[in-house]
Amino acid sequence: MEHIRMPKVENVRLLDRFSSRRAVVGTLYLTATHVIFVENGSETRKETWVLHSQISSIEKQATTATGCPLLIRCKNFQVIQLVIPQERDCHDVYISLIRLARPVKYEELYCFSFNPKLDKEEREQGWKLVDLNEEYNRMGVPNNYWQISDVNRDYGVCDSYPTEIYVPKSATAHIIVGSSKFRSRRRFPALSYYCKDNNASICRSSQPLSGFSARCLEDEQMLQAIRKANPGSDFIYVVDTRPKLNAMANRAAGKGYENEDNYSNIKFQFIGIENIHVMRNSLQKMLEVCELKSPSMSDFLWGLENSGWLKHIKAIMDAGIFIAKAVAEEGVSVLVHCSDGWDRTAQVCSVASLLLDPYYRTMKGFMVLIEKDWVSFGHKFNHRYGNLDGDPKEISPVIDQFIECVWQLMEQFPCAFEFNERFLIHIQHHIYSCQFGNFLCNSQKERRELKIKERTYSLWAHLWKNRADYLNPLYRSDHSQTQGTLHPQIAPCNFLYKFWSGMYNRFEKGLHPRQSVTDYLMAVKEETQQLEEELEVLQERLANLQKSQSGNNKVKSKQQDRSKQSGLYTSNNSLANTPQEYSNDLKSFPSRSPSQGDEDSALILTQDNLKSSDLDLSANSDQESGVEDLSCRSPSGGGCLPSEDSGKDSDEAVFLAG
Amino acid sequence: MEFAELIKTPRADNVVLHRPFHPAVEGTLCLTGHHLIFSSRRQDNAEELWLLHSNIDSIEKRFVGSLGTIVIKCKDLRIIQLDIPGMEECLNIASSIEALSTLDSVTLMYPFFYRPMFEVLEDGWSSFLLEQEFELLSSVTNEWRLSCVNKEFSVCPSYPPVVIVPKSVDDEALRKVAVFRHGGRFPVLSYYHKKNGMAMMRSSQPLTGTNGRRCKEDEKLINATLRSGRRGFVIDTRPLAVAQQARAKGGGFEQEVHYPQWRRIHKFIERFNILQESFIKLVEACNDQSHNMDRWLSKLEASNWLTHIKELLTAACLAAQCIDREGASVLVHGSEGTDSTLQVTSLAQIILDPRCRTIRGFEALVVREWLQAGHPFQQRCAQSAYSNSKQKWEAPVFLLFLECVWQIHRQFPCSFEFNEQFLIMLFEHAYASQFGTFLGNNEYERAKLKLPQKTMSLWSWVNRPEELSRFQNPLYEANSLVIWPSVAPQSLQLWEGVFLRWNRPSKFLEEAEEERINIIKYNKELQAKVNALRRQLAEMETDEEVQEE
């Protein structure tokens, strides 16, 4: 609390990004965990809550006659524009937020104060929902070829690896330790995915310290052991996910890649995925495009192309597809690495696993997948997502890209995933929110030291509790798309990769389809279930009646529930009822919709709904908010400068300007 | 029949057919007067491909030794390849296809030969008469009348024989106005907004010329749609500069002095040759099979196609906004009033009028605002995106309209009775069809060709229950509201169903659609069962009560 210079500022204006006419006046509060804006006046007292941990940047802009503007950009792609009347207040808010948004100790993070009012047992149960031991057993290990190794039990060999690691049976502790000494950060080859149908596996590691000529007998034995663990194949692929140039440059630093001559029976392959810095810049460029006030189609497409974002997504997908093919079709094991083996390697292994194994396309399986390939193998969540104040060059949207890959696959295979888009968006949100302990720190070791499981709650349990919100209505476990390997199209189908406005323009609800097919179908399915129950009851009654016994056993009809249910279908039609600003010419038209809709509900954590499902864009929030103000997402209202039309609406004279 | 002489080789064996995402098949190729037929008789997958010659947009041939290859590019954007053994056969077939796909006489087209195999339940030629439309209108207002001034197509050759005009304007005045408007296209009623009594009219540009000619009757006609003291909007689909230049050629626009109650908005919509180029570029980009597809988005951008979509939707939304939100009447026109004007008026109706979002209502809209309104289908749809010949009058004006409907459909997936397939079907039939509906450039030409007597209407076929079921949107729930689409770039997407239809795998998407249908079907079945049981129970219970008494 000592960082809050200014706990409350009145008469703050919250601007609408697209139309300053829709600004609302209210009071701004700073708390230990949130920035809260409460609208004045209106009986609803709408509130906007932003977690400090979501703030990625705060910008103080030049003071104008109306006040001092403050621009807050969030990691979940929300952008909030405030105007604070007094420059001094603005400065105080700014300084406070700068500090609050960059905590220096883990203890400052929200998950240590977040209390969903669960008892100890419930919390522990929550952490047990995802169990990696169970997962490896499900895959079919340990078995004749793979065993669990305790070589890293005290993190003695590799401090960014988990304690429990699966390695080929023929890899002795001596080989593992020897190999680890020849790998960056001692991240030796370990099992990521095992395909029990054909014994092929995906292993992961960091780059070898080969320099220009160094070799390591144990490392060579290690790769040999991986090959031997798959008796059906006489070689393994070694996939270096970096562009060749980057890998070669690493040789000068004593690192590099495997020399095919030194390893018996490997096939070496580069797959050019760019590094975290390129990805960070790419996202930055794409977000700039998303933030354009009223872009033309050309601005948008050109900017999107120029950001390179979709090209990078495709590169990651292509790598995953290559590996999935090697495993499923060729029955060949693959060793994947990049530099340290915790970013690109995590992306590619998890995409490949997702393609190979339908289990990972279920809700539970997806949680397991993230836990396995990201959390346990030391993806540096704290550094990449800037949870604690750190080096900005470490920040990069690595897991965001993986999440987008999943979305792209969902678009191509609409029946293949048990979960829906909302599930992905919420996971992304919580990777940054620090509301749950799952993604804290940079490794399992650090999390154990912090006693995360005793002190915080698990996101997975929270999502699981609300799983009804996250179901894909098209998913059927007996559908052909949910069986076996997915075979997405490979090059040259670039057009299959699309801009994900549901994520990057997540808070611009007006840009999204106004009627959700997913929600509609879920409502229908729910009704169907009720009908099935009713049918059963009715049939029972009929049977009873036919036995011509006492007609007194009246079963309560569920008719009422059903009519309520069908009301739901049309309720979102109300969203349809406000136009955008389609023309500069018409900017003087009185706007009839209320200002600033509830689209920020995603972010709005009112204390009440914190208790239940914390936020966000749950289906209902949309419908209830009657998101009138879709309208303001004006594409062509470009000409209106905020200051220009903030005054009173003038008359039709403006039309002549057109 | 005269086609025989064009067919030098009517049949070739051992032909191999290649299509994207299908394995190559060997079979027999036959040419008939109107079709190219490929049939493979392999036991495991016997299949036939029937292709209308009029669907062929361009054809290329090449040879490797004596094996000839013909690449056929269709107006529905599909590309197929036929490997034909024997140089002579291949040459003959290629030249026959070329000749048969470019017949210059309308009366040789397939609709004049097509004999339907189905029973006609309702003659589509008389399914959508303006008289019926007027009857509906009369039930809510008496400010309009049906005029037969154009009965002999003498006042305006591109108008239908009957039109709806303000009651206070007589036929004599209409004749004068027709002289004052390009091509005789005087302002007529396009849409009446029941909610507030506002009207949308359409016309062509006024012929003011450089000396600012005026026409009192014209002013009176459009003023007749205004409530006292209210203003209206003229939406001109040309930029101001173009409208001004048009005066030099005798055209022009409504000037404030003579139309003081009207405010003019220029909302530029691109003209046909630019649109055709954009269409060609877009299809080129979509068909780019090179492995270096890095620049896909640049190519998409360079085609400008989505820019046109955005402009068009914006203009239509603006027109709808004037009517619904401003409570003002609107007159829409560009130059001729046969292209962009119709795009705007028809799309505005999709936004405003729930009826246009039903199958029947949409068909009526296409008939009223496109066919009867004189959109020159034959000229615009003579060639599609693969034509090598220099374009003259071709333009994907109707396709752009359909795509805009699709864009709105995507944003309001539960508000339309029809599905995407319905729109794609209309696109196909506008370019090549066994039905006469889209032949000719206007009602006058259709009357001269005696199409209603000599050909079958598309609507006769589409509106049969077994066809309709393919075009129904399972998610449809009637939505009586005005639907305002977003026109932001993030909200607009490439229409994959048309442009990537032949070069993306569609199996998984089709499965998804099937799943959607099944979910809803099962729900309805259950509902029916439950209702029946309830009834049965209620009856039994009352019986029992009676007995008890």
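Cβ coordinates come from backbone N, Cα and C, glycine included.
Features reported for this protein in TrEMBL:
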ACT_SITE  A:C338  active site, phosphocysteine intermediate
BINDING   A:N275, A:I276, A:C338, A:S339, A:D340, A:G341, A:W342, A:D343, A:R344  substrate binding site
COMPBIAS  A:565-596  compositional bias 'Polar residues'
DOMAIN    A:126-504  domain 'Myotubularin phosphatase'
REGION    A:546-658  region 'Disordered'
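Model confidence over the domain 'Myotubularin phosphatase' (A:126-504) stands at 94, taken as the mean pLDDT rounded to a whole number.
The substrate site is defined by A:N275, A:I276, A:C338, A:S339, A:D340, A:G341, A:W342, A:D343, A:R344, and by the 8 Å test on Cβ atoms against their centroid, the other residues of the chain that qualify are A:S206, A:T241, A:R242, A:T345. Secondary structure at A:R344 (substrate binding site), taken from DSSP and collapsed to helix, strand or coil, is helix. Sorted by the number of other CB atoms within 10 A, the binding-site residues A:N275, A:D340, A:W342, A:R344 start with A:N275, the lowest. Under a cutoff of 8 A between CB atoms, and with a sequence separation of 6+ in the same chain, the neighbours of A:C338 (active site, phosphocysteine intermediate) are A:S206, A:Q207, A:D240, A:T241, A:R242, A:I273, A:R344, A:T345. Overall, the recorded substrate-binding residues A:N275, A:I276, A:C338, A:S339, A:D340, A:G341, A:W342, A:D343, A:R344 cover a maximum inter-Cα distance of 12 Å.
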